[in-house]
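Participant: I'd like to ask some things about the structure below.
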């Protein structure tokens, strides 16, 4: 009875109070907040349907939309990842997603609804644009571009599956208060041949030393070339990507885009990318392999096209081939590579929404360094394996299979099992052949934008093949970081390395990584990060190339034990010493001037330590252990 009374009070409060005020009372994990969201969704969906049918905006409709719009942080828009949103913004995203997707689904599925039929496409666009503009989610240009690109696939999903708005939004967003019960269509377990495997009773601690015989691997990621970048154009705009237009409004002001790039919502011009590649070619003459872990295309997400994406990707790839003609380059696919953005279809999708064009295009570029038998899997789904030399294998995944923005996963959630089973079979073969494996994947396992079920099963593979897998290499987060993989018993059994990003979007310095790799086990024994300071480079302007420098060497700043056990121990040290964690955060943010000026407070440090220790987003035991130690240490250190 107590819960019923509390929920009734919340329902009443959300009718009488501003949403932003009500949200201050709760945490994102509170079931009361979930109940309040459900209530508002039902009302907003009902009011929107009434508005569409009658054209009349009732006082309740005006009130709900006005309060929703005012409840969120207007600076978020598209430049913040889901896991970085504040509670009010999480609430906004959850409610609007459920209500608007619900309205569109009813429009197409309710046979008695006057809105469906031959005018359905026009009506769907009207609904989407009205909500986008009314709630000030984005500009009309962005709203319309995103709808036009994504609607054909979304309509296919609505018409051909029974998926509902709650399921779509809860899996897409993955906020605790926005989730619904697990759905069997979106859950699976890999069938692994691990019955004879001995139990894991300790963290993986094999440790190799750095020597002069080590191999060197260049890691480039998140290049994000913007072919429309224009120095001195407006760097503060209303769209997700700036530094392209309105030069007359910006020249001579602080809002003007820098020559070499800009810390704000801007990607890289060609001359910066070309200079970066040229610098690497001359500064590092001992590179043995290159990993390129995705996202070559820019953040102009509302205006992609097949032709534009192909031109940008080909220009970047061909320049790497020109500068490093004898160095094998192993790429993987980022979420920005396709058109429409983020959508990677299964093979059986209709031609008008199929991703086959991308896989065919990429294979023609990638085949320079791939064996003939890689063609089948690249064309099937954009993934491949290659025996680089005896004893060393690279497996490159298209793990947009786990990306919550890839709406094709709602069509058949278990489709993501296919590539993971392929990975299992190749790891099993590598184990039998005594090969060591590096895995490339764009999205880090455990990221809030990666489905929990995919991360869980991927982590099982890491555990099963912990002696075969020597390293995992990711991108996507635009942060110079790492992640420790744990067993269910809490033992560290694998490491994922993230190479930051070449693009400065948002508020980072351009960077790349060099790994020092022991040539037998292919274990990473050290890594170094190279950057240039964007502020200094733009002050010098076109008259002088950026001054690249070695920002740090991991072994000199933290530890020379890069085994999973060694890094797990380092996490304990960071939790006990907030100043050490602060240093890690500084390098994670690539020492950018705006980030250092803002600093990292207590909440930021807690998030930093937890992100290091989470590779399955709903398995956070190690995170909670470290968090408790860190809070205790901060209470002592920062008194």
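Cβ coordinates come from backbone N, Cα and C, glycine included.
Pulled from TrEMBL, these are the listed features:
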SIGNAL    1-16  signal peptide
DOMAIN    90-182  domain 'Saposin B-type'
DISULFID  94-178  disulfide bond
DISULFID  97-169  disulfide bond
DISULFID  132-143  disulfide bond
BINDING   222, 224, 295, 478  Zn(2+) 1 binding site
DISULFID  237-242  disulfide bond
DISULFID  243-266  disulfide bond
BINDING   295, 335, 442, 476  Zn(2+) 2 binding site
DISULFID  402-450  disulfide bond
DISULFID  600-604  disulfide bond
DISULFID  610-623  disulfide bond
Participant: Can you tell me the mean pLDDT for the domain 'Saposin B-type' (90-182)?
Facilitator: 79
Participant: Ten-angstrom check, please: count other Cβ atoms within 10 Å of the Cβ of residue 604 (disulfide bond), all chains counted.
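Facilitator: So the number of other Cβ atoms within 10 Å of residue 604 (disulfide bond) is 14.
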Participant: Could you tell me the C-alpha distance between residue 143 (disulfide bond) and residue 610 (disulfide bond) in angstrom, no decimals?
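Facilitator: Residue 610 (disulfide bond) has its Cα 34 Å from the Cα of residue 143 (disulfide bond).
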Participant: Reported as an integer number of Å, what is the Cα distance between residue 266 (disulfide bond) and residue 224 (Zn(2+) 1 binding site)?
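Facilitator: About 9 Å separate the Cα atoms of these two residues.
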Participant: Suppose the Zn(2+) 2 site is 295, 335, 442, 476. Which further residues of the same chain have a Cβ inside 8 angstroms of that site's Cβ centroid?
Facilitator: 222, 293, 294, 333, 334, 336, 400, 403, 443, 475
Participant: Nearest by CA distance to residue 178 (disulfide bond): which of the recorded positions is it, out of 224, 243, 295, 623?
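Facilitator: That would be 623, the closest of 224, 243, 295, 623 to residue 178 (disulfide bond).
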Participant: Which recorded positions from the set 169, 442, 476 come within 10 angstroms of residue 295 (Zn(2+) 1 binding site), judged by C-alpha positions?
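Facilitator: So far as Cα distances go, the recorded positions lying within 10 Å of residue 295 (Zn(2+) 1 binding site) are 442, 476.
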Participant: Cα of residue 476 (Zn(2+) 2 binding site) to Cα of residue 623 (disulfide bond): how many Å, rounded?
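Facilitator: About 21 Å separates the two Cα atoms.
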Participant: Nearest by CA distance to residue 243 (disulfide bond): which of the recorded positions is it, out of 94, 97, 132, 224, 600?
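Facilitator: So, spelling it out, the nearest of the recorded positions is 224.
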Participant: Rounded to an integer, what is the Cα-Cα distance in Å between residue 222 (Zn(2+) 1 binding site) and residue 442 (Zn(2+) 2 binding site)?
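Facilitator: Cα-Cα, rounded: 9 Å.
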Participant: What is the set of residues, excluding 222, 224, 295, 478, whose C-beta falls within 8 angstroms of the centroid of the C-beta atoms at the Zn(2+) 1 site?
Facilitator: 221, 223, 294, 334, 336, 475, 476, 501, 502, 503, 505
Participant: Looking only at C-alpha atoms, tell me how far residue 237 (disulfide bond) is from residue 450 (disulfide bond), rounded to the nearest Å.
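Facilitator: Rounded to the nearest whole number, the Cα-Cα distance is 29 Å.
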Participant: Just to verify a number: CA distance, residue 402 (disulfide bond) to residue 97 (disulfide bond), in angstrom, no decimals.
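Facilitator: So the alpha carbons of residue 402 (disulfide bond) and residue 97 (disulfide bond) sit roughly 20 Å from each other.
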Participant: Find the one among the recorded positions 97, 169, 335, 604, 623 whose C-alpha lies closest to that of residue 478 (Zn(2+) 1 binding site).
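Facilitator: Of all the candidates listed, 335 is nearest in space.
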Participant: In whole Å, how far is residue 623 (disulfide bond) from residue 242 (disulfide bond) when you measure between their Cα atoms?
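Facilitator: Computed Cα spacing between residue 242 (disulfide bond) and residue 623 (disulfide bond) is 36 Å.
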